[in-house]
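Novice: Dropping a structure here in structure tokens format, bear with me for questions.
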Amino acid sequence: MQNSAVNPPSSSGGQSGSPAVSEPGVIPNSGGSAVNSNHSDSSGSAAVGVNNVSTNGHISKHNGVAPNDNSNSVETNACDDQNDHDVTKTISWLGKTNQEIIRLIGQYLQDLGLEGSVKTLMSESGCYLEHPSATKFREHVLSGEWAKADADLQELEPLINNGKPSTITEMKFLLLEQKYLEHLDDGCPLDALHVLRNELTPLQYNISRVHQLSSYMMCSNNHDLYQRSKWEGKGILSRALVMERLQTFLPPSVMMPPRRLRMLLQQAVELQAERCPCHDMAWETNLQNVSLLTDHCCATDGFPMQTIQILTDHCDEVWFCKFSPDGLKLATGSKDATVIIWDVDPYKLQIKQRRVLDSRFQMSVAFISWSPDSKLVLIGGPEDSSEICIFNVDDGRLILKMSHNIQEDSFSCGAFNRDGTRFVCGGQKGQFYLCDLKATILDSWEGVRINSVVFRADNKTILAADSHYPDRLALLNISNQGLHLWDIEDKCLVRRFQGIRQSNFAIHSCFGGVNESFVASGSEDKNVVIWHIKREEPLAKLSGHTKTVNCVSWNPAYPSLLASASDDATVRIWGPNSFHHANAIPESDDCSSCSSSSSWNMTS
């Protein structure tokens, strides 16, 4: 293990003539009188009544059921048990929640065009889907009967935001705007001008929009009108959009928001996805791709849960490991001054040695960075290293060796830019350089102490940390503080991941999994720790190493593979539990074969 310097720091009363408003979901009574209960002992029949309660001048029912308009009681035969049961069922109190559920189901069925089912549901439950005046209002808006729609709006006025004038004015404006545009669409500019001058302008509302509407009078044809106004044209589609905007002003007791049940179900699915410990954020969770009959839970079949291979070719502590961008190669660096390039078989999930890069430099390997095309590797040493090398992994050829004899210089890390034509390098002693592949220094900075570096997607900005795929989040392993997630754009700490131990040594973490939804890190307690990017508590701890885990690398192209490098001189390859190695043999004392003893310890 290498010593580490500290990483970068860290409704009101009713009016005469206004519509009666019942308790939400209960059919409004056409009459305002209370229904009195009475009993007739001599006739052997029972008359059961339901009392009404006046609330803010409007009629409300205690049982959520509307009585018969033609009588004040419901007659049943006391000798008929079935009839007694039906009466009890009819007058039973549904409760607020049940009424709202019935209305939600009714609205959903109505959206599907099942009008008969809606009528049956409302009739049997005694509830109403929406206020009768709101129903008329909707019908007249969708049919383009603007005079009737305006009359309906006046009728609904006491129910809308306590009749607040500004709200009513805005709703009238939306109606008249659609009316005006439809006159233009019909080729009736005089009628449109009448609406503009005599109806819209007197409202004294949204004057800038009125001026914009007036400019549409100059449109040469209907297509020009649609394009300039971004309007769908006269018809049910544009009217339905207007109705949706109007619905936002109506209280849910009068008319529910559109597609309310679907919205609630989508919110439930999203909440389950947030609570799913292994949720794959690359998969868009919506009503179309999940089942509502079971709770959402992402499977862990593809997770790297167990050791499937142990690489023992290094003869000293392994300080770094890194998969290539194409996922087909792995580079490992050790204190023994060697870098080994491995080939990855993504189908068999096997790692085979390609070549060893050594005898070219006399330094321990503490950092490795791949070029974007996966053909070159940049190799850095510990914090006192004075040279940096770039190799071609296909033929093992040394492309560049950059060395400074200045005692104050150090080259412990570097990174290629996005097209692989330049690289930056630096270390713990404060020197930082931008170079080309001929080792020409293009730019330099002083006083920049770094342990890790990467180019951002803009090819200009450089981060002293590992960068997340959306190029916005960064991970920082900080001595004695653990692993931190930072938002680079907002310049704020997002999350402190728990469950990692780091005090004396440099540890390298990474993003990984499908869409990089997860974070992995080594730890001084010999474990590989994995988190979901949205949670601070560990999702799992992978055990198997016998000493400090210095570095982890998640395969960017094949997320079922994870590599970890340790002071125990081994590199472990982690794969899914479902993987069965064809030639698996029991783990021996020298850890030279696949292990079946590793665990995926769920901590949540």
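Glycine is treated like the rest: Cβ placed from N, Cα and C.
Heads up, here are the entries from TrEMBL:
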| type | residues | note |
| --- | --- | --- |
| REGION | 1-84 | region 'Disordered' |
| COMPBIAS | 8-19 | compositional bias 'Low complexity' |
| DOMAIN | 130-191 | domain 'CTLH' |
| REPEAT | 311-345 | repeat 'WD' |
| REPEAT | 515-541 | repeat 'WD' |
| REPEAT | 542-574 | repeat 'WD' |
Novice: Report, as numbers and ranges, which residues of the same chain sit near the repeat 'WD' (542-574): CB under 8 Å and 6 or more residues beyond its ends.
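Specialist: Contacts of the repeat 'WD' (542-574) (Cβ under 8 Å, skipping residues fewer than 6 from its ends): 1-2, 302-312, 314-323, 325-328, 330, 332, 334, 344, 346, 349, 351, 505-514, 518, 520-524, 526-530, 591, 595, 597-601.
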Novice: Would you mind splitting the repeat 'WD' (542-574) into helix, strand and coil residue counts from DSSP?
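Specialist: Per DSSP, the residues of the repeat 'WD' (542-574) fall into 0 helix, 17 strand, 16 coil.
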Novice: Going by DSSP, how much of the repeat 'WD' (515-541) is helix, how much is strand and how much is coil, in residues?
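Specialist: Summed over the repeat 'WD' (515-541), the classes give 2 helix, 11 strand, 14 coil.
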